[in-house]
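Novice: Sharing a structure here in structure tokens format.
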């Protein structure tokens, strides 16, 4: 069964060592309302019932805590803060009965908190710190007063675990084992009051303003007041405006020698006289032909036809040979055909006579003898000298051919 969430505020008074537990909701189970706040005795001894309540938690509380907690990590983190909250110093003086007020009485700084789950009723404030001890925490023996004092001034539980509702931050007698740094439960905002310790009061007394310094005997820096009453003399300078006396001024050397000189250029007069052209004569011979008229305009160009037949004569001797016919045209070019058979002769003289009939048609149709072959086989070339040369050429060519 889920429990209603409870929020607690833990306020520490460093001057007196008291802790105040405040229940914001006031909803608790009936079985957990009676959890008295036990304080150590004057002689440093404790009541037997308080030791057992501090060392252990009820089985029902542990069982319910194991079933109600959200996550194991959040419970482990809350367990570390609970064990640290149980540390209480034993060297303080004075003990008293259970206190139902918001703060403990003066002279009872060492209060020990019981650890059943739940909180005090709404009417009881500061009666007990209702905390849940996880199953992992084990009770440890009490420590010396010095260690308790250091534990009280050391850690402070400023938040409650969201996984374990109704578990406020409180102090324990024994130091808790170091928890892993990765386990960070969700923090709940807790209002904390500033520590009220004698040291803070002393610091306030020391911060009080001291007596004001005497500023009448303060001396100035070296040489800073020597010219304190000095006034600048620039304002006493007077600028006097005097008129210049130009009566005795003399000119520069030679500047007044020609002061009355008048430039003579202005006396020149430009006289305009008309030119008399009546006596002007012309240039040499310019008036001799003044009435001359050019005769070019009187020349007439006549067009006459030329009669070449009547008047034209031939060049010298050009008509003497007008009927001459050149004689080159009467020459004839003869063509002779070479025949090897007709002009050939046998290598051996067999005594036969070669007769050749020319193809040219002529009046003499009788055959003629080209050559007279002697008994010795020689040819008579007296009749035709051209044929003799041809015969020699033919014979030479035949000899080469092997005929």
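Cβ atoms are placed via backbone N, Cα and C, with glycine included.
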Novice: Quick test of your reading of Swiss-Prot: among 340-359, 360-379, where does it put region 'Disordered'?
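Specialist: Comparing 340-359, 360-379 with Swiss-Prot, region 'Disordered' matches 360-379.
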Novice: Can you count the other CB atoms that lie within 10 A of the CB of residue 255 (phosphoserine)?
Specialist: 9
Novice: Return the member of 255, 286, 314, 315 nearest to residue 279 (ubiquitin cross-link) in space, with distance defined Cα to Cα and candidates limited to these recorded positions.
Specialist: 286
Novice: Can you grab the distance from residue 229 (ubiquitin cross-link) over to residue 221 (ubiquitin cross-link)? Cα atoms, rounded to a whole Å.
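Specialist: That comes out at 16 Å between the alpha carbons.
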Novice: Measure from the CA atom of residue 286 (phosphoserine) to the CA atom of residue 293 (ubiquitin cross-link) and give the result in Å, rounded to a whole number.
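Specialist: Cα of residue 293 (ubiquitin cross-link) to Cα of residue 286 (phosphoserine) measures 14 Å after rounding.
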Novice: Which three-state DSSP class does residue 311 (omega-N-methylarginine) fall into?
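Specialist: Helix, per DSSP.
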